[in-house]
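*Asks:* Heads up, here are the entries from TrEMBL:
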TRANSMEM  28-49  transmembrane segment
TRANSMEM  56-75  transmembrane segment
TRANSMEM  134-154  transmembrane segment
TRANSMEM  160-178  transmembrane segment
TRANSMEM  199-217  transmembrane segment
TRANSMEM  229-249  transmembrane segment
REGION    271-313  region 'Disordered'
COMPBIAS  285-296  compositional bias 'Polar residues'
COMPBIAS  297-313  compositional bias 'Low complexity'
Amino acid sequence: MSGNQALNANRYVGQQADLQITNHGSDWYYTVCAMMGLTTLVIMGLAFRKPQTHRLFHYIAAAITAVACVAYFAMGSNLGQLPILVQWIRPRSRWVGAAGTREIFYARYIDWAITTPLLLLELLLTAGVPTPTILATLLADVLMIVCGLIGALTQTRYKWGFWTFGMAALFFIAYELLFDARRHANTLGGDPKKTFWMCSVWLLLLWFLYPVAWGLSEGGNVIHPDSEAIFYGILDVLSKIVFTGLLLWGHRKTSPRALGRNIREPDQTAEKYHHGDGAGEGFPSTLSGSTASPPSTAGAGHPTAHPAAPGHV
Ligand code: RET
């Protein structure tokens, strides 16, 4: 036997929906799985060319694509799914034609619950946002994803209530990025500011398309699960792989210390660590291409913090 046997092999795993992906959808999910896996390897390869003090963003980025790789493997294999009764049956639709149940991939939401906070974390670290603000933003993000999951698993019109809560959380995140984090990024100046700008605009443009995709698939049952796979797949590639490329490129000359995060080399003593002379990384030379914000403003993630404040990792 040749070709993609996943649907056939897993047809008795759990219950199957009337409307589910075909071999085309499965092929596409596996393609994105391979892209995510390959990107993880490339990022780790790049990370090992850097000193440990400079790998923060590489590690976060690799974790994001590695988790997505597993989720896409599950979806390509037609696993991590549940049949859910649709709210609108649409008997005359060319695409979804009178299906009682639709395949809902909860695996997608497990992926997002892990990876979207990490994507946001990368941006908020880039801007040097203080830790409490980071935590609040990540919490809103997890809430948004959980709302999407519960809504997707709900048959009645109450699903749109969850969508609305999710949208409120998304607007909160957009506010945090556009107003709060932007102020911090402006204070840092130089490359971190440019990188933050570029990546946050890219992220927000894409993130507002997710609730549209949800409305057409899990929400309104308008498009076929294969089209859902393509819609979400393209969005995920753009907001994971392309976003990561932009971010790592933007940070190619920046050290976490310049963003107010002190990270030690294994052989670095506490003494050196606090004086900022380990691994040749001191202030302000690490603010590469910087418009030279004074060290006290580029400090521990907050405009008023001292740069060498211990305990900020
Ligand atoms: C849902 C439905 C509920 C309302 C909103 C949503 C937004 C989801 C977003 C997901 C982003 C995912 C990313 C994945 C990367 O691979 C849950 C669809 C607002 C913004 C970036």
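Using the three backbone atoms N, Cα and C, a Cβ is placed for every residue, glycine included.
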*Asks:* Name the range, of those listed as 28-49, 134-154, 199-217, that has the largest tally of Cβ pairs under 8 Å with the transmembrane segment (229-249).
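*Replies:* The stretch I would name here is 199-217.
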*Asks:* For the transmembrane segment (199-217), find every same-chain residue at least 6 residues outside the stretch whose CB is under 8 Å from a CB in it, and list them.
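*Replies:* For the transmembrane segment (199-217), the sequence-distant neighbours (Cβ-Cβ under 8 Å, at least 6 residues beyond its ends) are 119, 122-123, 126, 148, 151-152, 163, 166-167, 170, 173-174, 177-178, 181-182, 223, 225, 227-228, 231-232, 235, 238-239, 242-243, 246-247, 250.
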